[in-house]
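As recorded in Swiss-Prot:
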TRANSMEM  41-61  transmembrane segment
TRANSMEM  98-118  transmembrane segment
TRANSMEM  122-142  transmembrane segment
TRANSMEM  145-165  transmembrane segment
TRANSMEM  167-187  transmembrane segment
TRANSMEM  218-238  transmembrane segment
TRANSMEM  241-261  transmembrane segment
TRANSMEM  272-292  transmembrane segment
Amino acid sequence: MTTFFQQHFSRNKWLAYAQLMRFDKPIGTLLLLHPTLWALFAAAGGMPPLSVLVIFVLGVIVMRAAGCVINDYADRHIDGEVKRTSQRPLATGRVTTTEAKILFVLLLCIAFVLDLLLNRYTFLLSFVAVALAIIYPFMKRFTHLPQVVLGMAFGWAIPMAYGAVSESLPLECWLLFFANIFWTVAYDTQYAMVDRDDDLRIGVKSTAILFAQYDNKIIALLQFITLVLLVIFGWISQYHWGYFVVLGLSASLFSHQCWLTKQRVREQCFKAFLNNHYFGLGVFFAILVGIYA
């Protein structure tokens, strides 16, 4: 029994579990949290019920962790071939495939309990979220557009938030949802640009490979479409003009990102990806200004 606990629950093992769930790299959680907060506050016309807010924040943390576990499980045979991912717990053997599968199921169970605390409408929508989380990691084997599926997975919290607050999915919900998809494809292409050389070598597909030398131009187009959808969203929602001012200021970050990725240097592309956290935060502030100003 002692050996069992030492093998599966030692301090080093807990650290490996935490790394597998990316607790040491919160950027993914933030990029999932921002659109969730957009939708919660937009649907409520202000502060959503505290219980709903807490459930969704916890749900973001849990589902982001689950997504990382299933992603690394799917990529366990190729992560070791990529410079950026070669030290991940499954790639190095610090976490076994059995441990990863058990952890994934436990995280889904926690998410299931959280969903039970919401209304039936939202509970039913949550099954789509789980399906997208499971499907996404395997898409890079079959299509150059896995980022689109990631955008759907990261954005599905938006209809869930509207469902939890209003039990309806109005036009505003879908404008935010599709804005988030275009934004996600843009920033995850920046992320994929970091690994492009490795991905080409091992045969992994991505939008960074698909877009090739047109990558920066297409990213700029995707960002422009994101902004157009967010402007339409604000107009339909009849937000205060301050929303559009803050949104415009946030949009200036896209210009900075284009400058960073211009030379396609790995480190600069990764900085551009990280910078999207501030854009997501800016949109959230814009919504608050639009509602309360």
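Cβ coordinates come from backbone N, Cα and C, glycine included.
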Would you mind listing the long-range same-chain contacts of the transmembrane segment (122-142), meaning Cβ under 8 Å and 6+ residues beyond its ends?
63, 66-67, 70-71, 73-75, 108, 111, 115-116, 149-150, 152-153, 156-157, 159-160, 163-164, 204-206
Distal contacts, the transmembrane segment (41-61) - CB-CB under 8 A, six or more residues away:
29, 32-33, 111, 114-115, 117-118, 157, 160-162, 164-166, 172-173, 176, 233, 237, 284, 287-288, 291-292
